[in-house]
Amino acid sequence: MNIQYILELIGTFTFAISGALAVQGKSEDWFGAGFTGFVTAIGGGTLRDVLLGSYPLTWITDIYIIYTILVAILIAGFFNKVLQKLRRTLSIFDTLGIALFTVAGVEKALSLGVRWEIAAIMGMFSAVFGGVIRDTLINETPVLFRKEIYASACLAGGLFYVMLNSFDIPRDWNFICSASFIVTLRVFAVKYHINFPQI
Amino acid sequence: MNIQYILELIGTFTFAISGALAVQGKSEDWFGAGFTGFVTAIGGGTLRDVLLGSYPLTWITDIYIIYTILVAILIAGFFNKVLQKLRRTLSIFDTLGIALFTVAGVEKALSLGVRWEIAAIMGMFSAVFGGVIRDTLINETPVLFRKEIYASACLAGGLFYVMLNSFDIPRDWNFICSASFIVTLRVFAVKYHINFPQI
Amino acid sequence: MNIQYILELIGTFTFAISGALAVQGKSEDWFGAGFTGFVTAIGGGTLRDVLLGSYPLTWITDIYIIYTILVAILIAGFFNKVLQKLRRTLSIFDTLGIALFTVAGVEKALSLGVRWEIAAIMGMFSAVFGGVIRDTLINETPVLFRKEIYASACLAGGLFYVMLNSFDIPRDWNFICSASFIVTLRVFAVKYHINFPQI
């Protein structure tokens, strides 16, 4: 439980940074960057919980999430030159972030008693909708249309989780296996430029 | 009940196809097209239910909706050349879709005890917000700003439904009359290029 | 209570007008303008209540809100030439609107028992998300990225409110002080072109 919580905070942290940095070159100010970082970090999980009717929302009751995001925004502001250079590393953090959010999202949905198809979709929504909202705010093509397999890696990982879950794999192992599965898919896709065929 | 349910699935089906085809020429891949189709199909009804606080959402408990959308996406993918040629026919399906969604939305809202003005608005939201979300995702001007009377036909149809309802017209007859009313309005508007005056 | 309610209706009214006028030069028709005005007026408060899980939504139970918006849309349509010339005055109305929405949002959130940080954020969301949704609909850069301190004035005002509240300042006085604080911040920022530094 504790480790999962810490990993989720790390995911929130990296999403907040990616949101705050995304406004670069759009002539936005510090506050706009912070606002975007905030919405990016909470967007996916919020959508999941609103769709599932799971109230109160996590970030409304757990104040550490807000402060994690605040720290991320300050770091994004003060060190943005360095961070822009570290983009490749950040992309690894982003990959870790979507992997963790997917698995945490699937778990939460399953714990609320929905079917496995819905749980997998909720995992994907948790992971990608923060970025979709970020890109809508800054008038960019949403990330899920640009990147090599991205949302699809999350959906595949979500389905992988519910499959292992049906085999009664212990929850902690499942968490690690499914998150690693997503990271692996994504790393391969980026490395070898693997895309779905054009429609 | 049964007929209404089947008609709603048809509406969902055509919305999913329209969403999946909308990404054409935007260099999106199969997965992006499917994602857009999914969001288009569930968007309007989801917004309606979230606004009304009506949980659980229909597509979360009724798995047939998910599979209907999946089939629609596969068809959109495999037959997209044919479907693009069938656009005129598809537009008829879309018209049928918004008519069914409007009436089903009004009914649901009334059954939850809201006022008639709110019920008519909820009918319109059910019908058009899937398309609005689709167009936001793909960075297009939302459909309700482009097409000849579209959302307004839904609102008029919703008001027509609540009017007939206040005259104690039987529910099934009302469903058919109001949906036909919307289809008629829309067909006339497209045929004779009827628009609201510019503001 | 009564005065606050009237002030909130005024805020809703001015937001509806600003939304309806925003479509100018986008070749939208009366209905599109009205739709945008409606969504602008209810968007912020709706998001706040959905996030807080506070059902039923205000505008669904209080029909005066719908009619206030309808009147605003009609006025925006019939007098839009005059109103476009009155822009400077309207901007004052908008400023009053965000100030009132912020304070009303903070109050509502506090009354639901959330922490002060969350209450301040909810106040800001109430005030700015109507405009964000409006700008997303019409494919513009969201207002909070364009204007001199805007959302930040709301957040500051929200924090000011919770601070005074912790000093047990009577609710009515706090309402007036905090709203005036926001108006003052915003007027100064516009007058002296005060912006946050670029990130």
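Cβ coordinates come from backbone N, Cα and C, glycine included.
Summarising the annotation, TrEMBL assigns transmembrane segment to A:6-23 (among others). Tertiary neighbourhood of the transmembrane segment (A:6-23): same-chain residues 32-34, 36-42, 44, 64-65, 68-69, 71-73, 75-77, 80, 83-84, 90, 93-94, 96-98, 100-101, 104, 130-131, 134-135, 138, 140, selected by CB-CB distance under 8 Å and a gap of 6+ residues from either end.
Sequence annotations record features per position, and here TrEMBL assigns domain 'Glycine transporter' to A:6-78 (among others).
Nonlocal intrachain contacts for the transmembrane segment (A:30-47), taken as residues 6+ away from its ends with a CB within less than 8 angstroms of a stretch CB, comprise 12-13, 15-23, 57-59, 65, 69, 72-73, 76-77, 101, 105, 125-134, 137-138. Feature annotation from TrEMBL assigns transmembrane segment to A:30-47 (among others).
Counting same-chain residues at least six beyond the ends of the transmembrane segment (A:59-78), those with a Cβ under 8 angstroms from any Cβ of the stretch are 9, 12-14, 16-17, 20-21, 30, 33-34, 37-38, 41-42, 45-46. Residues annotated as transmembrane segment in TrEMBL: A:59-78 (among others).
Each residue in the domain 'Glycine transporter' (A:92-165) gets a DSSP state, and the totals come to 61 helix, 0 strand, 13 coil. Per TrEMBL, the feature domain 'Glycine transporter' maps to A:92-165 (among others).
Same-chain neighbours of the transmembrane segment (A:118-137): 15, 18-19, 22, 36, 39-45, 47-48, 51-52, 97-99, 101-106, 108-110, 143-144, 150-151, 154-155, 157-159, 161-162, counting only residues six or more beyond its ends whose CB sits under 8 Å from a CB of the stretch. Annotated transmembrane segment per TrEMBL: A:118-137 (among others), in sequence order.
If you look up TrEMBL, you'll see A:149-167 (among others) marked as transmembrane segment. Sequence-distant contacts of the transmembrane segment (A:149-167) (same chain, at least 6 residues past either end, Cβ-Cβ under 8 Å): 98-99, 101-103, 105-107, 110, 116, 119-124, 127-128, 143, 173-175, 177-179, 181-182, 185-186, 189, 194-196.
Under the heading transmembrane segment, TrEMBL lists A:173-194 (among others). Beyond its flanks by at least six residues, the transmembrane segment (A:173-194) meets 4, 91, 95-96, 98-100, 102-103, 106-107, 148-150, 153-154, 156-158, 160-161, 164-165 of its own chain at Cβ-Cβ distances under 8 Å.
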Local confidence of the prediction over the domain 'Glycine transporter' (A:92-165), expressed as mean pLDDT: 89
